[in-house]
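Per Swiss-Prot, the feature motif 'Nuclear localization signal' maps to 1-10, 510-518; the stated evidence is sequence analysis. The disulfide bond feature in Swiss-Prot is assigned to 19-25; the stated evidence is sequence analysis. Annotation comment: Swiss-Prot describes 137-175 as region 'Disordered'. The compositional bias 'Polar residues' annotation in Swiss-Prot covers 150-159.
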């Protein structure tokens, strides 16, 4: 007797929808849908005395609540029945309301019998002119002095009188030299120059020299010592630290760098993939799927790529196959001292029956090359400075010819006003010729550039291949085929073939003998 085939029953939810109205639902379906099972009743009765918080313990799927499961010994504890903490402001709040009301004076009402005519009063304006000023002057005469008689001495000697007149002392003159300079950040004036004897211009130092020669007054000549040149205020040196700095901020968080590096470089959990495509730095999404560039979108954030698992699309780069999530860029330093740009990706290789996608984590990275340090060069300040300027212009150089202007070379043969000077003699100098390089079979033409200049003409020819001399004559290059004697097979050799190979006649091929196997 054949066993009847077992048919799987429909889900409890669908059965409950159809049998609830008819009242033919099985007890297990009602208990499961209406949550009246033994486990549900235990939780309902036990929740009256025990509070489990948001752990989400029930007959449903175990998700651990909204925040997931927390390992033991980690995370904050759950406070049962605690009062919430009220956060009060540190400052005393001010009451917000209307400002102080200013009282307004009211005017007395005007009676109806009051006249509306305003009487005018006569008044004089203020006097703006000054008044009379009283002048009082008192004169006090000085004391009177009696006249004095001055004796006059007269000498009758024969000598002349000599009067010594001393000039009035001249006060010393003080000379003050000032200079005013306005600071302009976009313009800098260099006031240094090379002064000459008796002349100074735009210099802070003034040298006064006298004639050569002289005598030394005093002891012996002092000993000459070596002097050091004082540097200018515009010259300075930048001291480089030893060893040179490798980052702009010397403070480095070692623990954070080690923790971040350990998570990405763990080869047991994360696959390591080195990317050589430069699009990984600017447009990494173009390595995962074909798409159009959006200038308004910045790819400095985590990107998620949605793709149907049934449709297989080949990515532009095979290293980014089945990539569903590509993280933001992370920068780190390699042991060799290079800068590394990393992105953590998630593949979707396997898909379960419930719809979940499972895949491994991939660490995509690219190491940037180092920047070689070059020798520093001396820079000059831009501004005004005094000095000699030399201007050299090659195309306009002049050529001096020593001729005698008194002699007329045209006066020996004919008159300088003869019509023979108007005749144009054609000189074949091949100035407009074209150079053809090549043989008769393959002729290549090269365009020679011609530059307009006041100097003599210069021509340039390409010197990258061998030269072929083309003679202006005809040659018969056709060669007759030399046939061998009738005893030998015919071998045709193509003489115009320059490859050095030949075609063998089919009759010259070696015949293969058929081997028969006898039983």
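A Cβ is built for glycine as well, from the same backbone N, Cα and C atoms used for every other residue.
The most densely surrounded of the disulfide-bonded residues 19, 25, judged by C-beta neighbours within 10 angstroms, is 25. Per-residue confidence over the motif 'Nuclear localization signal' (1-10) averages out at a pLDDT of 75.
DSSP states for the motif 'Nuclear localization signal' (1-10), grouped as helix (H, G, I), strand (E, B) and coil, give 0 helix, 0 strand, 10 coil. The secondary structure of residue 19 (disulfide bond), as reduced to three states from DSSP, is helical.
For the recorded site, residue 25 (disulfide bond), the DSSP three-state label reads coil.
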